[in-house]
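What follows is a set of notes on a single structure, which appears directly below.
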Amino acid sequence: MNQIDRLLTIMQRLRDPENGCPWDKEQTFATIAPYTLEETYEVLDAIAREDFDDLRGELGDLLFQVVFYAQMAQEEGRFDFNDICAAISDKLERRHPHVFADSSAENSSEVLARWEQIKTEERAQKAQHSALDDIPRSLPALMRAQKIQKRCANVGFDWTTLGPVVDKVYEEIDEVMYEARQAVVDQAKLEEEMGDLLFATVNLARHLGTKAEIALQKANEKFERRFREVERIVAARGLEMTGVDLETMEEVWQQVKRQEIDL
């Protein structure tokens with residue numbers, strides 16, 4: 001028995017109506033979904049840390065999620081694991097005609113352009129009414145914003161130069177500050193303008209070839225790393241963070257930044 005068949009057999013036993021695991025038998029697509037998201041982020045974290053031993057385990061956990069969904073779908077007569085494998089295999093062959101058919105592609109740019117063209121044709125066959133119809137609402141907000149913008153760009157609704165993109169960011173900053181400076185701040189309006197600013201910033205990232213979600217993740221990690229070092233230095237001075245003034249913390253923060261730059 002190969003390892004995939006072993007895993008499928010384990011899943012079947014876990015869901016066995018009579019002798020299976022009580023917890024696994026109770027689960028549904030909806031109850032498992034949050035675990036899928038959690039496992040996905042754990043995979044990303046292992047990649048970011050370049051911990052490949054951990055990555056192997058996390059990928060296994062993520063694969064188990066797929067097997068879990070396949071088992072539940074099979075029980076309901078919808079599809080099984082083989083159907084999932086067939087669907088992705090068909091899609092990969094269909095979207096790589098330069099490998100599996102008589103088409104050709106000279107570089108990655110041509111591959112991506114053809115990929116998007118094929119996806120557009122597939123959406124048309126599904127009778128979707130908008131280029132945005134199948135963008136998951138459950139995506140992280142920055143990632144979803146970038147995908148929305150990319151779809152719009154694919155049909156020509158996009159600036160072709162960087163200047164207007166940058167101007168839009170400054171325009172949205174002005175609108176945020178206008179709302180923030182009102183005598184009575186309308187929080188709903190301020191939130192709306194902040195959203196517009198974030199959306200415009202994501203668009204700038206997209207035009208610069210950067211993935212906004214990844215960029216913010218890295219910024220979070222950098223800030224966390226530096227702040228932990230500030231805490232360490234302050235503690236080494238025999239002080240508590242809550243008892244240190246902002247000026248001192250800023251001085252330590254700049255020290256930490258210089259240390260990183262010098263490395």
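Heads up, the Cβ atoms here are built off N, Cα and C, so glycines get one too.
According to Swiss-Prot, the feature ATP 1 binding site maps to Lys168, Val169, Tyr170, Glu171, Glu172, Glu175, Lys189, Leu190, Glu191, Glu192, Asp196. The DSSP secondary structure for Asp196 (ATP 1 binding site) is helix. Under a cutoff of 8 A between CB atoms, and with a sequence separation of 6+ in the same chain, the neighbours of Asp196 (ATP 1 binding site) are Glu172, Glu175.
Taken from Swiss-Prot, the feature Mg(2+) binding site applies to Glu172, Glu175, Glu193, Asp196. Secondary structure at Glu175 (Mg(2+) binding site), taken from DSSP and collapsed to helix, strand or coil, is helix.
According to DSSP, Trp253 (ATP 2 binding site) sits within a helical segment. Of all Cβ atoms in the protein chains displayed, 17 besides its own lie within 10 Å of the Cβ of Trp253 (ATP 2 binding site). Positions annotated as ATP 2 binding site by Swiss-Prot, on the basis of experimental evidence: Lys222, Phe223, Glu224, Arg225, Arg226, Trp253.
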Rounded to the nearest Å, what's the C-alpha distance separating Lys168 (ATP 1 binding site) and Arg226 (ATP 2 binding site)? Just drop the number here, would you?
31
Rounded to the nearest Å - Cα separation of Arg226 (ATP 2 binding site) and Glu191 (ATP 1 binding site):
29
CB within-chain contacts under 8 A for Lys222 (ATP 2 binding site), separation at least 6:
none
On a C-alpha basis, identify the one among Glu193, Glu224, Arg225, Trp253 that is nearest to Tyr170 (ATP 1 binding site); the candidates are the binding-site residues.
Glu193
Measure from the CA atom of Glu191 (ATP 1 binding site) to the CA atom of Trp253 (ATP 2 binding site) and give the result in Å, rounded to a whole number.
30
